[in-house]
Every structure is written in C-alpha cells, then in structure tokens.
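Heads up, the thing below is written out as structure tokens.
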Amino acid sequence: MCRKREKIVKKICIAIISIALIIAFGISLNNVEKTELQSTDGRDFEKATVTEIVSSDYSDSTSKDYDGSVGEDDSVRAGQQQIKVKIRTGEHKGEILDATSSSSYMYGARCRIGTKVIVIISESDELTTVSVYNYDRGNQLYMIIAFFLIVLVLIGGFKGFKSAVGLVFTFCCILFVFMPLIYRGVSPIFAAAFVVIITTVVVMYLIDGFTAKSICAIVGTIIGVVLAAVFAFIFGKICHISGYNVDDIESLIYIGEMTDIKVGELMFAGILISALGAVMDVAMSVASTINEIHDKNPKLDTKELFKSGINVGKDMMGTMSNTLILAFAGGSINTFVYIYSYNYQYYQVLDMYSIGIEIIQGISATLGVILTVPIVSAISAVALKKNI
C-alpha cells in the first residue's frame, strides 16, 4: 500500500513539475510583440444587456426547412434595431448607451429587453458609436464544456479525470506553444511535430506512467503521426496541391507577408495535429493488448506477439479509418451540398482544390492510423521479449 502511494505521489510530482516547466516555456514564448494587422485604436468589444427597444424595422422572409416548418432562426433577416444597452464591462461599465443592431446570420442579434450581447464601442474625438456585434454566448459555451468534463469524470472516474487533464493540456499546447512558435517564424510542421511529441508524452504518462507499455505507445504514436504528414506531403506533390490552395488563402498570404508565419505549411501541420488523437488511441490499445497477452502467456515468442497485435489492430483500423474519413467529410458537408445542388460535372468536382485537399487529409491521417498498428506491434513485441 505504501509503495503504491509513493508511486502515485511520485507520478503526480513529476506531472506537476513537467506541466510547470511547459507553462513557463509557454509564457516565455507568448512574450512576443505582434504586428498590428488592423487598427483597434478607439474600438473595444464589451459585454452589454439590452434595456430598451427604441425602434425596429425588421423585414423577415422566412425559409422552410425539409419538414416544412418555419422558425425564427430560419428567417432571412434584413433591417436593424435602435436599442439602449447597459454596458457590463470595460471603461463604460454601468453606463446606458444608444446602440444599433443590424442583424444577419453572421453578425448582430435580434434583440429583446434583457438580451445579453457583445457590443463594439468605437470612440473618435468626442463621438461614441455603439453597435451590436453578436449574442453573448460565452457562459453557455463554458457550461457546455463543463458538462462534457463532468460527464467524462463521472463515467471515467480517476482515469476520466486524467483524460480531462490531458485534453486541457493538449488545447493549451496548441494555443500557447504551437501558435507562438509559428508566429515567431518556426516551421509549422516542426512546431506541430514538437507539440505532438510533448502532448503524446504527457498524455501517455497521465494514463499509465513511464512503463514499457506507454513508452512503446509513445514511440508508435510519434512515428504514426509523422508518417501521416509525410504521406500528405507526397500526395500533395503528386496532385500539385499545396498549403497555398486552401480557403481564405488571400487573407493568409497577407498575414504571412506582415508576419513570419509560413502559411504554406499550415495544411500539413494541421494533418499532424488532427491525426494525433486517433493514432494515440490505436497505439495505446495495441500496446496494452500485447502487454496483457505477454503477462498471461510469457512463453509466446516475438512473432506470435506481433501477430496478436496485428489481429487486435485490424478491428481498430476499420473503426478509426471511418472516424477520420467521416470527420474530414463532415467538415466539408457545405461543399458537398453546393456541388450536388449546382450539379457539377465529374471532372470539375475531381479537380477542385477543396475536394483534393479533403481526400489527401483524410487518407493521409488514416494511413497513419493503419501503419501505427504494425509499428506498435513490432516495437511492443521486441521490447517485451528482450525486457527493454
């Protein structure tokens, strides 16, 4: 019992020290002076609550859904509202100001008394202009995230808690390590590889500590993710597709010209990060299975352990392949609707950059998952038989 407690305490201490070092590294990385791409002088985004509707001239033309129903959210809205809002944050906190809400699907809000919104306060000389940017949905999003984490912990117990910590850590790495690195001019591919490595090591450590099983899974995960990026690069070269063929490339090129970000590599960096979760799952499952089989039957040789890993991995290949392909396809559903509705010709569809990119991303990530199975099987089988 004492040894078990010592191991748990040791694991927690190592995790705390590691996370503290990474946080310190992230803080130093984020100490960067950003190039001003657009002027924000005299303009602030603040929280506000609608206190009065002065006037409203909405003109609604409704659009029916497939079931024939019509709802407020299905309306094609045009027009604007003159309202009064009470500012809840910032320099004008507590003040009641006149505001304009021009509602559309992307910006503005259909305001009622009590509606919580985000407003843009623009000040020049003695003139203050207030307009509604969007609904204030921050609290709702926080509640959704909290609900997810609570369910994860309730069902998963202590392992669920560690998974939640791993998720938060992964998100923080992307936001506070990956983004500052590429902003400083580091290759997005190398930055993504670095994030993949530290995320894999920390998450695997949280799950199982530094055991032979977790180390095999870590090595297999890193190799599998890197292979996914390599395949994406090769397929891109073959198909004449690069990171400059993505949506919003004009805006990205402008950002690249004004900063040190290498926008052409962002697509491949995205594949590295998007493949990580599925590859990590497969790697840990295969490594755990081989480890358990070896514990129950130590007489099995390296070849037999390898075959056992392959057999277990075959089922996972199908499910994980579907997961990745459907994830990429789901992200392009609007494009598919557009193509189907306008009845594009076959060759026209096949040679669209967006379709080519989705195919390359989906297949590259899936190949990374598939190849992880034999890689982890081989590493685990050799490591267990040679007591590495």
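Keep in mind that glycine also has a Cβ here, set from the backbone N, Cα and C atoms.
Bear in mind that TrEMBL entries carry predicted annotations, made automatically and left uncurated.
According to TrEMBL, the protein has these features:
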type	residues	note
TRANSMEM	12-29	transmembrane segment
TRANSMEM	141-158	transmembrane segment
TRANSMEM	165-183	transmembrane segment
TRANSMEM	189-207	transmembrane segment
TRANSMEM	214-235	transmembrane segment
TRANSMEM	266-290	transmembrane segment
TRANSMEM	324-342	transmembrane segment
TRANSMEM	362-384	transmembrane segment
Folded-back contacts onto the transmembrane segment (141-158), same chain, C-beta under 8 angstroms, at least six residues removed: 164
Intrachain neighbours beyond the transmembrane segment (324-342), with Cβ under 8 angstroms and 6 or more residues off its ends: 274-275, 278, 349, 352, 354-355, 358, 361-363, 365-366, 369
Feature contact check the transmembrane segment (362-384) with the transmembrane segment (189-207), CB under 8 Å, 3 or more pairs: no
Sequence-remote partners of the transmembrane segment (12-29) [C-beta within less than 8 Å, at least six residues beyond its ends]: 169, 172-173, 176-177, 180-181, 184, 198, 202, 205-206
Folded-back contacts onto the transmembrane segment (362-384), same chain, C-beta under 8 angstroms, at least six residues removed: 212-213, 215-217, 219-221, 223-225, 227-229, 231-232, 235, 271, 274-275, 278-279, 282-283, 286-287, 290-291, 294, 302-303, 305-306, 308-310, 313-314, 316-317, 320-321, 324-325, 328-329
